Amino acid sequence: MSGTRASNDRPPGAGGVKRGRLQQEAAATGSRVTVVLGAQWGDEGKGKVVDLLATDADIISRCQGGNNAGHTVVVDGKEYDFHLLPSGIINTKAVSFIGNGVVIHLPGLFEEAEKNEKKGLKDWEKRLIISDRAHLVFDFHQAVDGLQEVQRQAQEGKNIGTTKKGIGPTYSSKAARTGLRICDLLSDFDEFSSRFKNLAHQHQSMFPTLEIDIEGQLKRLKGFAERIRPMVRDGVYFMYEALHGPPKKILVEGANAALLDIDFGTYPFVTSSNCTVGGVCTGLGIPPQNIGDVYGVVKAYTTRVGIGAFPTEQINEIGGLLQTRGHEWGVTTGRKRRCGWLDLMILRYAHMVNGFTALALTKLDILDVLGEVKVGVSYKLNGKRIPYFPANQEMLQKVEVEYETLPGWKADTTGARRWEDLPPQAQNYIRFVENHVGVAVKWVGVGKSRESMIQLF
């Protein structure tokens with residue numbers, strides 16, 4: 001019956017497709033992405049969890065941040081460092097996608113790729129797709145990042161401790177609507193050059209000591225434009241096709257972490273993007289119903305780079321031991337990380353914002369030598385227990401942490417490959433975390449390699 005329809009097929013005036021509710025929902029939703037996010041102040045071992053999940057992923061994407069993130073992945077004894085490239089680029093069967101929420105320093109991107117090529121990374125350009133809406137980080141953004149830190153030091157006697165990669169200044173340009181994007185670089189270059197010059201002059205008027213080789217930078221950018229042109233796609237259409245075409249496994253690799261989020265982190269000592277789950281939707285251009293599992297990555301203790309409140313910090317032998325045993329210095333900056341006990345107030349707060357479906361607890365083996373292990377379970381302010389994580393930094397500096405002391409296991413866990421291999425006290429520690437946060441631990445990390453991530457379910 002082409003072109004005609006029985007009148008009782010549908011109510012008068014109804015158009016479109018008639019389906020049952022469940023089919024409608026499935027058709028409308030499409031595939032769901034799996035998200036890996038940091039649940040503390042970064043450096044939790046997200047790269048390792050991504051690496052595990054990336055082995056059978058079809059697409060691995062980054063949705064925010066820039067080359068201020070640092071992910072280390074060890075494969076076949078080789079250590080790869082990723083900052084801007086999704087760490088899933090190692091997987092030769094998958095496509096890596098840099099979303100619109102990421103800010104891209106092109107010289108940094110190629111430098112990073114070349115460094116990893118020397119370690120054995122091959123054909124990455126054929127597997128990388130870049131959103132045309134991603135903003136560009138220019139060399140002068142990086143210079144300004146350094147100048148702003150000097151200013152803060154002079155004015156307030158303290159700085160934020162940025163990575164000086166130009167991330168904050170680029171997101172500032174984006175919010176001020178003066179930034180330039182990949183799509184601008186790839187269209188009319190004269191128009192791009194004129195906007196680039198305006199942006200450079202604006203920064204020079206704010207920072208009189210700032211020197212910018214405008215012509216030199218434009219020449220380099222023109223060269224980079226041709227190199228990246230084959231990799232650039234409209235990110236919205238790319239993600240839509242990926243979600244609604246043949247079923248695909250899509251993995252999103254969060255950079256930074258919950259407590260560094262521009263809205264929910266320990267402001268102002270945060271990064272300039274949303275590194276909580278909302279940043280996935282805005283940074284890739286996908287709706288909330290396409291978010292599937294959200295895995296929170298947590299270190300078995302707490303670390304923080306740079307300044308800012310850190311309630312469970314241990315400036316003592318314990319802190320020193322955690323730093324030495326855990327090799328706690330930054331991948332991007334080489335700075336020493338401050339160390340302290342696991343803080344469950346932070347973890348519960350990160351769960352409220354992100355809605356974790358499961359946790360990965362990493363670096364459990366670092367606690368192997370301790371006779372007892374403390375865990376921060378609540379905060380007191382002026383002698384009264386407070387049921388929330390304070391937004392105000394001065395208040396957070398003043399909180400007194402209430403600890404629970406658990407027995408240590410004093411045994412080497414690095415050889416453990418199953419739950420049963422872990423000492424009862426280590427199992428008890430993991431169950432304690434689960435019960436207090438209300439989220440199951442899916443993986444436990446006891447070493448550097450892929451094999452040392454014990455999967456519990």
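Glycine residues also receive a Cβ, built from the backbone N, Cα and C atoms like all the rest.
Pulled from Swiss-Prot:
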- 1-21: region 'Disordered' (REGION)
- 42-48, 70-72, R337, 363-365, 445-448: GTP binding site (BINDING)
- D43, E44, G45, K46, N68, A69, G70, H71, T163, R177, N256, T271, R335: IMP binding site (BINDING)
- D43, G70: Mg(2+) binding site (BINDING)
- D43, V331, T332, T333, G334, R335, K336, R337: substrate binding site (BINDING)
- D43: active site, proton acceptor (ACT_SITE)
- H71: active site, proton donor (ACT_SITE)
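Of all Cβ atoms in the shown protein chains, 17 besides its own fall within 10 Å of the Cβ of T333 (substrate binding site). The Cβ of T163 (IMP binding site) has 23 neighbouring Cβ atoms from other residues within 10 Å, across all protein chains displayed. Rounded to a whole number, the distance between the Cα atoms of R335 (IMP binding site) and V446 (GTP binding site) is 23 Å.
Ranking the binding-site residues G42, T333, G334, R337, L364 by Cα distance from N256 (IMP binding site) puts G42 first. In this structure, the CA atom of H71 (active site, proton donor) is 8 Å away from the CA atom of D43 (IMP binding site). Within 10 Å of T163 (IMP binding site), counting C-alpha to C-alpha distances, fall the following of the binding-site residues G45, K48, T333, R337: T333. Look at the binding-site residues G42, G45, G70, G334 and count other Cβ atoms within 10 Å of each Cβ; G334 has the fewest. The two recorded residues K48 (GTP binding site) and G334 (substrate binding site) have their Cα atoms spaced 19 Å from each other.
Reported as a whole number, the C-alpha separation between T333 (substrate binding site) and G45 (GTP binding site) equals 16 Å. Between the C-alpha atoms of R337 (substrate binding site) and G70 (IMP binding site), the distance comes to 14 Å. Across the fold, the C-alpha of D43 (IMP binding site) and the C-alpha of T72 (GTP binding site) stand 10 Å from each other. Here the Cα atom of R335 (IMP binding site) is found 22 Å from that of L364 (GTP binding site).
The DSSP secondary structure for N256 (IMP binding site) is coil.
The local packing around H71 (active site, proton donor), expressed as other Cβ atoms within 10 Å of its Cβ over all shown chains, amounts to 24. Considering other CB atoms within 10 Å as the measure, the emptiest surroundings among the binding-site residues K48, K336, R337 are those of K336.
Using a 10 Å Cα-Cα cut-off around G70 (IMP binding site), the binding-site residues G42, K336, L364 reduce to G42.
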